[in-house]
Amino acid sequence: MKSLPPEMRQILGDCYPHIRELNPAQRSAIEAGYLESEDNYIIAIPTASGKTLLGIIAALKTVMEGGRVIYTVPLLSIQNEKIKEFRKLEEHGIRVGKDPRTSDIAVMVFESFDSLTRFSWNILREVDLLIVDEFHMIGEYTRGPVIESAITRARTLNPSVRIVALSATLSNMDEIAGWLDARVVEHDYRPVPLHREVLDTEMFGVREKNDVVLKVLERSLEDGSQTLAFVSTRRFTESLASHLADKISGKIPDDMVESFREVAGKVLEVPKSRGSPPTSTCLKLAECLEAGIAFHHAGLFNRQREIIEDEFRDGNILMITATPSLMYGVNLPSRTVVIRDYTRWTSQGPRRIPVFDYEQMSGRAGRPQYDDAGYSYLIARSHDEAMDLEEYYIRGEVERTTSRIIENRDALYRQIIAQVASGLSGTTEELADFFRNTFYGYQMVEGPFSDSFGMDSIQYEVENATEYLMRNRILYPGPEGFSATEFGLLIAKSNYSVETAIKLHQFASEMDEMDIYRLIYEITRTPDMPLISFKGRKSRDPVRDKLMEHGLFLMDVGNEEATAAALIEWINERTEYEIENAFHVYAASTRRSAYEASKIVKFFGKICEIMGVYRHSSQLEILSARLYYGVKEDAIPLVVGVRGLGRVRARKIIKTFGEDLRHVREDELKRIDGIGPKMAGAIRRYCERF
């Protein structure tokens, strides 16, 4: 810390009292001129090695000099985590928030920052420092194109902005640094040494990989540590957790039994608090938790996932079995990481996970301040396979990071629309110039694998994409270049994919009368809709039958159809328990799917308006509300008008008193289960107003 200015040392000492000295990786950055220089920097150091503190040091320097900072992250969960961490700075007069207009340090998700670069140029031009956390995601299919395009626009509109990229180590760092015009600080320091090993069934004389995981768990139980186990699918998270819980339950020390039961009780309370009995998935989770094992996937209630994460941090869970998506969204280090599955299913069949993903999962092992070492175990079926995996993953090199902006066609279309709608590009030449400045363009024209046809390739991709957008009436050509149609402007100002917009536009053009059930089904077929998935291979006839009841005759039944059936039941006030039992789906995610469907219905309404179709507006507003609140039409005024009432209590009120509540007294309302004096008063005030 001695190398930092006194005022900065004071702030950091107050906000991060556990940090006494900079670690070797942080010192190497300071010694490389990171604090004094205005150059762009890529900080490439391992997980948990202090990247965030280096970001804060740069941010403090900028704010102390009167500047503004935007700190970008990939996910809302990380945004909330960072804001909570940075709030300590407010004690020193530094404003922290999500809005760059009112914050000295604004924490934004990538998509929000991308939107800022399109339409909020004045704000962007006031930003002095852009910090890009999890920058290594620039090679990821979905978010990578967003990162590189937003950075490119930001540098075009505000050439003086300084960029600090916080990243894992990438194999082609020099190439990436060339694009960013950045200096690179790489260091292999880890606060907790990491031991990586491949285990196989033959070592332990067992037949199944699950039994190898059990051996690791038993060792963790002996030394009082915790384990994260990664598998490839939701179903495997549950089957592994159940297997381990069954095997370990008789070996749990008495002093742990009660705390495990308390955690199990907490997850069972979640559906009850939402008016639903626990689903079979909830019951299975609670049963596993009584043995200290949790499974973690998107098919659980959000609150249940939060409980699992918090209790794991507090040491009240021995092991979490999870899919690899956990490594991106949640900061959950543990002493031991087990990677049971090293393949994932693709359209071409099973494929090995990248070395980069293996590194990210392994990097979770070892908790700073708690562990003297971290242990990562990859599981193989045989000794020969173990040797192969050791060569591939432990000794192998991380793959070269490449731009995905052309591979992800929707990302290409969205960035072209953004450029045209914002007035930054109007011709194919100007669009090609924009893409020339992206990471994709740098790799095509200046990278080590570039060739003399790089610019021609960019021009070709742009021309193909603009033709597609003109065919779909998103762009139209004029004497001075392209302009965005009303439809194109709507897409540019939304967060929806071009494919979603085109599908909904097509449906609106073919629709004579409003059929809300057909609309729900069409929404589930858009790529922006989070789907509710089947739990196993049980009969799918109940889903087919439910859709047939509402005039939807379908031969093939998959997750899209399951989601449509679940949403139809949701707006008819069925509980998650009833939906799961009826259709054999992960119904805990119904609420999230319904929320997203509600927003897509509003987007569909805007599409109808720009097409001049207004006769469905009222029905669409009603459907959006029904999806959002999960109610029949008669309950909408009550759940909308009385904040926090919820659909269960609203239905009890309507059943008891009918829809006309003008003459119902507060004492009568309080007789209904779940309604206390405060809520009764709120209901009366609502009735008096309306």
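Glycine too: its Cβ is placed from the backbone N, Cα and C atoms.
Listed in Swiss-Prot for this protein:
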type	residues	note
BINDING	Gln26, Ile45, Pro46, Thr47, Ala48, Ser49, Gly50, Lys51, Thr52	ATP binding site
DOMAIN	32-188	domain 'Helicase ATP-binding'
MOTIF	133-136	motif 'DEAH box'
DOMAIN	208-417	domain 'Helicase C-terminal'
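As a summary of secondary structure, the motif 'DEAH box' (133-136) carries 2 helix, 0 strand, 2 coil according to DSSP. Across all of the motif 'DEAH box' (133-136), the predicted model scores a mean pLDDT of 95. When the Cα positions of Gln26, Ile45, Pro46, Thr47, Ala48, Ser49, Gly50, Lys51, Thr52 are compared pair by pair, the longest gap among these ATP-binding residues is 13 Å. Reduced to three states, the DSSP call for Ala48 (ATP binding site) is coil. Most other Cβ atoms within 10 A: among the binding-site residues Gln26, Thr52, that distinction falls to Gln26.
Proximity of Pro46 (ATP binding site) to non-local residues of its own chain (separation of 6 or more, Cβ distance below 8 Å) is seen for Ala25, Ala168, Thr169, Asp188, Tyr189, Arg190, Leu194, Gly363, given in sequence order. Around Ala48 (ATP binding site), taking its Cβ as the centre, 21 other Cβ atoms fall within 10 Å, counting all chains. Long-range Cβ contacts of Gly50 (ATP binding site) within its own chain (separation 6+, distance under 8 Å): Leu22, Asn23, Ala25, Gln26, Pro191.
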